[in-house]
Amino acid sequence: MQLKASEVYEALKQQLEDFDELSELSEVGYVISIGDGIAKVYGLSNAYSGEILQFSTGTKGIVFSLKDNLIEVVVIGSGDQIKQGSQVKRTQTSLKVPTGKELLGRVVDAIGNPIDGKGEFINPTYLDVEVKAPSVMCRDSVNEPMYTGIKAIDALIPIGKGQRELIIGDRQTGKTAIAIDIILNQKRFHLSDQEKEKVYCIYVAIGQKRSTVAQLVKKLQETGAMAYTTVVLSSASDAASLQYLAPYTGCAIGEYFRDNCMHALVIYDDLSKHAIAYRQISLLLRRPPAREAYPGDVFYLHSRLLERAAKLNKAKGEGSLTALPIVETQNSDVSAYIPTNIISITDGQIFLESELFYKGIKPALNVGISVSRVGAAAQIKAMKDIASSVKLELAQYHEMEAFSQFGADLDSSSMQLINRGRRLSELLKQSQYCPFPVEEQIIVLFAGINGYLDKIAVSKVKEFENNMLEYFRIHNPDIMNEIINTKKITEIISSKLHQILQEFVKSIEQCS
């Protein structure tokens with residue numbers, strides 16, 4: 001049978017007209033080797049660093065290294081089913097995670113999947129895990145206070161919205177306790193109608209036991225703090241890749257609030273374990289080790305994360321993201337590699353000492369080493385005036401107490417200085433889960449620096465403090481509102497405080 005050229009032409013033309021464009025064009029590569037969560041893949045020469053790849057088993061991976069003939073992929077999660085020869089497909093996208101108010105009250109894993117049994121998210125906003133930090137022109141100076149509810153911090157080491165403040169100390173010194181107290185303190189702002197005062201919290205648990213995080217979540221639920229908090233969990237049993245991703249996921253969730261004219265607080269607990277997870281990945285990728293076997297870019301690992309915390313300017317909506325990274329030290333050695341790195345990145349550090357903790361001073365804050373570089377600008381004038389006097393009194397007390405150790409005879413003024421310093425130190429002690437509103441902190445410290453506790457026994461200081469605040473709440477709530485509204489201690493407020501405190505001290509003396 002002889003076909004005519006015109007018939008062949010018509011048949012081909014008809015076939016081409018019926019042919020749709022390729023609905024999906026995918027680049028496929030193959031696994032050459034797999035081990036310890038690292039897959040070497042051949043055939044994806046166009047893949048880019050940070051791209052998400054899809055394995056034929058359904059598992060995902062991130063491109064970490066690009067080499068001449070192959071790429072190295074870090075498997076997200078368990079790669080048990082991936083074998084040599086398994087197909088790998090490009091997705092041409094970077095990792096995105098769900099964000100938004102829908103995540104409040106939920107517990108998610110390192111890539112944003114819910115793990116609390118409350119079902120999937122309905123309509124979340126997906127954001128990139130890795131984004132550039134806001135530029136200098138988008139930022140504003142830190143000028144709003146981030147109230148922690150902890151007297152020693154709000155007075156001596158103040159934190160502002162958009163700041164990065166490191167919490168550092170040995171294990172079991174109360175680092176997580178401080179972070180949780182700060183979350184609990186935000187509850188009073190969420191009960192008010194002022195949206196600008198509300199702070200949404202993200203707690204990122206890296207390399208912790210699931211049982212520990214479960215207790216923490218239970219506490220947040222009991223106190224009602226879970227309503228404005230999201231917990232991102234990458235436990236000790238998770239793969240190093242998930243522990244590496246968890247802080248960036250938490251940061252992306254916080255950035256949703258920052259970029260939508262709201263305030264967010266993200267706590268990274270802790271970045272020591274995050275650095276260890278990254279070290280593990282880097283050594284498996286055969287990257288050259290540097291100091292303490294960490295890779296050379298470990299500084300960039302944390303700087304690109306913490307630089308995303310910012311206070312945005314008016315043109316960008318005045319939102320903020322505050323970061324509180326936690327770092328665990330060994331034997332109070334702050335000169336180790338990771339602690340020094342993060343100290344140099346952050347805007348200050350809260351240093352907790354095990355010696356103070358064992359003495360019963362909680363929070364076990366070393367005021368001498370702790371510092372806040374930008375938070376003082378955010379302090380209200382009332383607290384700033386009180387805090388300057390407290391710092392001076394405490395500095396003189398520590399100096400005089402050290403001098404008294406030599407057994408020298410002290411005059412009456414020096415003894416008075418030591419006695420007042422002891423009472424001020426006692427005033428700064430605080431139980432866990434008991435955050436103080438700023439107006440109550442101001443009243444307590446005002447009483448301390450003006451000598452109203454000088455005749456009170458040190459063991460009775462906490463009792464005096466509780467009774468005094470109760471007296472103010474019942475008989476003089478207006479003075480508290482006045483302090484909050486004016487944000488400073490005027491002569492009128494000062495005279496009122498003196499009058500009320502004198503009446504209270506007199507009533508105590510009469511009772512005793």
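Note that the numbers count up from 1, one per residue, in the order the chain is shown.
Cβ coordinates come from backbone N, Cα and C, glycine included.
Listed in Swiss-Prot for this protein:
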- Gly169, Asp170, Arg171, Gln172, Thr173, Gly174, Lys175, Thr176: ATP binding site (BINDING)
- Ser370: site 'Required for activity' (SITE)
When you average the Cβ positions of Gly169, Asp170, Arg171, Gln172, Thr173, Gly174, Lys175, Thr176 for the ATP site, which other residues in that chain have a Cβ within 8 Å of that mean position?
Glu328, Leu352, Ser354, Phe357, Ala364
Around the Cβ of Asp170 (ATP binding site), the count of other Cβ atoms that are within 10 Å:
18
If you count other C-beta atoms within 10 angstroms, which of the recorded positions Gln172, Thr173, Thr176, Ser370 is the most crowded?
Thr173
Determine the Cβ neighbour count for Lys175 (ATP binding site): the number of other Cβ atoms within 10 Å of its Cβ.
25
Rounded to a whole angstrom, what is the C-alpha distance between Thr176 (ATP binding site) and Ser370 (site 'Required for activity')?
17
Given a 10 Å Cβ-Cβ cut-off, pick out the one of the binding-site residues Gly169, Gly174 that has the most other Cβ atoms nearby.
Gly169
Calculate the distance in Å between the alpha carbons (Cα) of Gly174 (ATP binding site) and Ser370 (site 'Required for activity'), and round it to a whole number.
15
With Cβ-Cβ distance below 8 Å and at least 6 positions apart along the chain, what are the contacts of Arg171 (ATP binding site)? List them in sequence order.
Glu328
